[in-house]
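So that you can see what the record holds, here are the features copied from Swiss-Prot:
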type	residues	note
BINDING	THR12, ARG16, THR265, GLY308, GLY409, ASN413	ADP binding site
BINDING	THR12, THR13, SER14, THR265, GLY308, GLN312, GLY409	ATP binding site
BINDING	THR12, ARG82, GLU83, TYR134, ASP243	sn-glycerol 3-phosphate binding site
BINDING	ARG82, GLU83, TYR134, ASP243, GLN244	glycerol binding site
Amino acid sequence: MAKYIMAFDQGTTSSRAIIFDHSGKIVASQNQEFKQIYPKAGWVEHDPMEIWGTQIGVAKGVIEKAGINPEDIAAIGITNQRETTVVWDKNTGKPIYNAIVWQCRRTAPICDELKNKGFDKKIREKTGLVVDAYFSGTKIKWILDNVEGAREKAEKGELLFGNIDTWLIWNLTRGKVHVTDYSNASRTMLFNIHELKWDKEILEELNVPEQMLPEVKPSSYVYGYTDKSIFGVEIPIAGDAGDQQAALFGQACFKPGMAKNTYGTGCFMLMNTGEKAVPSNTGLLTTIAWGIDGKVEYALEGSIFIAGAAIQWLRDELRIIDNSPQSEEYALKVEDTNGVYVVPAFVGLGAPYWDMYARGTIVGLTRGAKREHIIRATLESIAYQTRDVLEAMQEDSGIKLQALKIDGGASANNFLMQFQSDILGVPVDRPQVIETTALGASYLAGLAVGFWNSKEEIEKNWNVDKHFEPAMDNEKREKLYKGWKKAVERAMKWAEE
């Protein structure tokens, strides 16, 4: 009996492979960063061949590192940076353009056009998403409109579209399988989340041929097998979910009202709403959490575009820290931010503001403002943005959050997590395994092949590593938060022509 599950965690800045055992513990992990391409201001791309190369490289590397054989792997689960768009030639297998990354703002004018026509209401109702350059639909349109010969090839059925999950599965099966799961499909802005199919009216409006699109399957399902030439054996590819939905699953947030926040490049908060798609009146997204056991479950999501990336900015651009963990050390050297607020709206603001033209802002500077204050204010901005999202979620769902489960790289920052608990006024729980994105993909894959039998079995694997209790009084909490709201106002609409 195969003893392990392998997860591919293909992220925005690195490709990672992790091997898990039956108790959900990490046996071995390997990751490799790849190149970020910035052709123009606000444009972000990746090379899909480099993504495939790094992903397969770490997969082979981690098998060796774990000292196991490929036949010891019961299944592969895939989780991915969502919305990032690849269009490739189905005969040559070569991309016709770089992958357009979720952070890329180049399609903002297309989005403005849709809004001016009033088509955004229709998109909101059908897909649960707001019209934004973030999602795949307008990115596909851009490629078809701007790459020479692309539209003709697409009409002839020679081109395929996929998000990163689809691109990896297509390559793993050597072109045999062109598939995605419900969670990833729900991020394209082309998928009707109520009827569970590609929406013809939206496809027509964006002029995207349906034949380019992958088949949509449950998130826990045997999609196909890896080609023998890759690992020497055929391994079932049995789990697929977008990174945030996978993290919700990995955190065992199986009941309505359970929520998690992932602190990665961006911050993503999801609340399970069960079999009901809850529409949002506060600018959150209604999205598919996963499809499993013959049914689909939904979630409310608030996306914060810049979280960990703000700490990278302190390190790489401002050069006021040498590494990310140092941010905690410096933040603790001062009592507070001395009235400084940083609004890291480098690529606009996500939920609940959705302002594509907001830009990064530092306010409240005085002669006494030091490096430590700016570092601390940058960390605090992550917690404030999370509170913005949580308030919107509670309003939409009518559910008051009891505790927040956390994961992702920056959740290891104890200063930030304590401040998060303080500013929310609810307990925050960090699990022992913070690689919950990869863990969720593993669980989905393992359930499909009988490696695990039920969600209940998985739930028993979840254990708390550190519990944070709010230690701030309400008056101080509200005063600080009011200052944040004022700072956000200053950042909004900055780049409008």
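Even glycines carry a Cβ here, placed using N, Cα and C.
Taking the features listed in Swiss-Prot, we show where each one sits on the structure.
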| residue | record | CB count, 10 Å |
| --- | --- | --- |
| THR12 | ADP binding site | 22 |
| THR13 | ATP binding site | 16 |
| SER14 | ATP binding site | 14 |
| ARG16 | ADP binding site | 23 |
| ARG82 | sn-glycerol 3-phosphate binding site | 27 |
| GLU83 | sn-glycerol 3-phosphate binding site | 26 |
| GLN244 | glycerol binding site | 30 |
| GLY308 | ADP binding site | 22 |
| GLY409 | ADP binding site | 17 |
| ASN413 | ADP binding site | 21 |
Would you mind pulling the DSSP three-state label for THR13 (ATP binding site)?
coil
ASP243 (sn-glycerol 3-phosphate binding site) versus ARG16 (ADP binding site) - Cα distance in angstrom:
12
For ASP243 (sn-glycerol 3-phosphate binding site), just count the other CB atoms lying within 10 A of its CB, please.
28
Check GLU83 (sn-glycerol 3-phosphate binding site) against DSSP and tell me helix, strand or coil, would you?
coil
What's the CA to CA span in angstrom from GLY409 (ADP binding site) over to GLN244 (glycerol binding site)?
14
If you draw a 10 Å sphere on the Cβ of THR265 (ADP binding site), how many other Cβ atoms land inside?
22
Largest tally of Cβ atoms lying within 10 Å of a Cβ, found at which of the binding-site residues TYR134, GLN312:
TYR134
Rounded to the nearest Å, what's the C-alpha distance separating TYR134 (sn-glycerol 3-phosphate binding site) and THR12 (ADP binding site)? Just drop the number here, would you?
13
DSSP on THR265 (ADP binding site), three-state: which is it?
coil
